[in-house]
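The following features are taken from TrEMBL:
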- CYS112: active site (ACT_SITE)
- HIS247: active site (ACT_SITE)
- ASN277: active site (ACT_SITE)
- 106-184: domain 'Beta-ketoacyl-[acyl-carrier-protein] synthase III N-terminal' (DOMAIN)
- 231-320: domain 'Beta-ketoacyl-[acyl-carrier-protein] synthase III C-terminal' (DOMAIN)
- 248-252: region 'ACP-binding' (REGION)
Amino acid sequence: MRAKIIGVGSCVPEKVVTNHELTKTVDTSDEWIRTRTGIQERRLSDEATATSDLAIVAAERALAKANLSAQDLDLIIVGTTTPDTLFPSVACILQGKLSAVKAAAFDVSAACSGFNFALTTATQFIENGLYKNVLVIGADTLTKYVDWNDRGTCVLFGDGAGAVVLTASDDGSGVLASWLKAEGHLSDKLIMPGGGSRDPGQKNGRFITMDGKNVFKFATRVLEESILAVLKKANLETKDIDLLIPHQANSRIISHVVKKMDLPNEKVFVNLHKYGNTSAASIPIALDEAFAEGIIKAGDIVVLSGFGAGLTCGANIIKW
Ligand code: UT7
């Protein structure tokens with residue numbers, strides 16, 4: 001029995017902020033942001049919008065595509081590091097609002113790798129026969145946690161949510177293999193220092209702190225490592241990939257890996273110019289767009305690979 005994706009949906013806030021707009025408040029330029037990251041604009045949630053508000057719309061869209069109702073769900077897993085509140089989980093908030101009465105619900109904290117970690121977790125529940133229908137979401141509102149005076153981070157992030165509905169299937173399609181990794185010795189390279197139990201009063205600040213260069217080095221290394229690892233587990237080779245959807249953080253990270261692996265550009269989906277880095281949401285938003293654009297067809301081999309704070313990295317290989 002495999003975990004097969006039968007519905008995909010996404011949601012981004014309406015407000016668009018271009019690079020040009022950022023230059024009015026921070027010492028940066030459209031040229032710097034484009035050439036160093038590939039980002040042209042990003043979406044920002046307003047004060048009243050929390051992560052679950054974007055996640056619920058993505059979830060409803062995915063459920064509609066899957067032709068399932070929330071009451072059919074056995075489990076909801078949300079990958080997020082920007083929950084509405086420290087507790088309850090975003091997954092429980094969604095379970096209540098969707099009236100998914102028989103679903104268990106929990107969040108997974110793996111930052112930008114959150115969607116892949118959640119997808120792998122959901123796959124285990126389906127493969128071992130415990131659950132049939134699982135909703136997996138990646139959702140984050142990191143723009144609420146950036147220091148708008150720190151040009152090294154504020155130009156990078158955007159908000160959004162993406163969701164998939166998985167069902168147990170024995171038709172040969174679904175998640176073929178998964179691979180997850182953590183390098184906790186690098187945990188200080190990308191960190192939100194305040195707000196947790198070590199600093200509930202946020203004396204250390206409430207903003208994302210990042211050592212961009214070291215995260216960049218980690219990302220280029222593990223993106224390739226993760227793709228090769230899931231291919232090997234699935235007994236496939238690089239040439240078998242029909243579409244790679246990498247975490248949408250920086251086009252230079254993606255190009256570096258694509259070149260090193262000798263992957264044709266048309267086999268790599270990139271939409272970060274429109275959204276920036278939406279953290280756990282970036283891969284399912286890209287998956288939704290790729291599917292809507294007709295890029296993914298039945299039988300295709302699709303690789304999803306993401307990296308982020310932890311530091312973490314996770315990949316899943318799917319036969320569509
Ligand atoms: O999901 C994981 C999330 N994180 C990532 O994926 C981040 C990975 N890292 C990166 O993407 C890149 O390291 C950055 C885009 C963050 C930075 O690019 P870089 O090529 O590593 O730039 P840098 O940090 O080496 O900075 C080069 C110069 C510096 O100026 P000086 O010291 O050479 O005079 C920075 O102060 O660029 C300056 N700089 C900027 N200039 C204009 C840094 N940010 C900006 C900016 N606009 N926004």
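Any Cβ shown, glycine's included, is placed from N, Cα and C.
On a predicted model such as this, the values are computed, not experimentally measured, just so you know.
Residues 36-38, 112, 156, 216, 219, 270-273, 275-278, 282-283, 285-286, 307 of the same chain, all 6+ positions outside the region 'ACP-binding' (248-252), place their C-beta atoms under 8 angstroms from a C-beta of that stretch. Broken down with DSSP, the domain 'Beta-ketoacyl-[acyl-carrier-protein] synthase III N-terminal' (106-184) shows 26 helix, 33 strand, 20 coil. Counting only same-chain residues six or more apart in sequence, the Cβ atoms lying under 8 angstroms from the Cβ of CYS112 (active site) belong to HIS247, ALA249, ASN277, SER279, ALA280, SER282, GLY306, PHE307, GLY308, ALA309, THR312. Residue counts for the domain 'Beta-ketoacyl-[acyl-carrier-protein] synthase III C-terminal' (231-320) under DSSP, helix first, then strand, then coil, are 37 helix, 22 strand, 31 coil.
The number of other CB atoms found within 10 A of the CB of ASN277 (active site), across every protein chain shown, is 24.
Residue environment of HIS247 (active site) contains 29 other Cβ atoms, counted within 10 Å of its Cβ in all protein chains. Here the domain 'Beta-ketoacyl-[acyl-carrier-protein] synthase III N-terminal' (106-184) returns a mean pLDDT of 97 for the predicted model.
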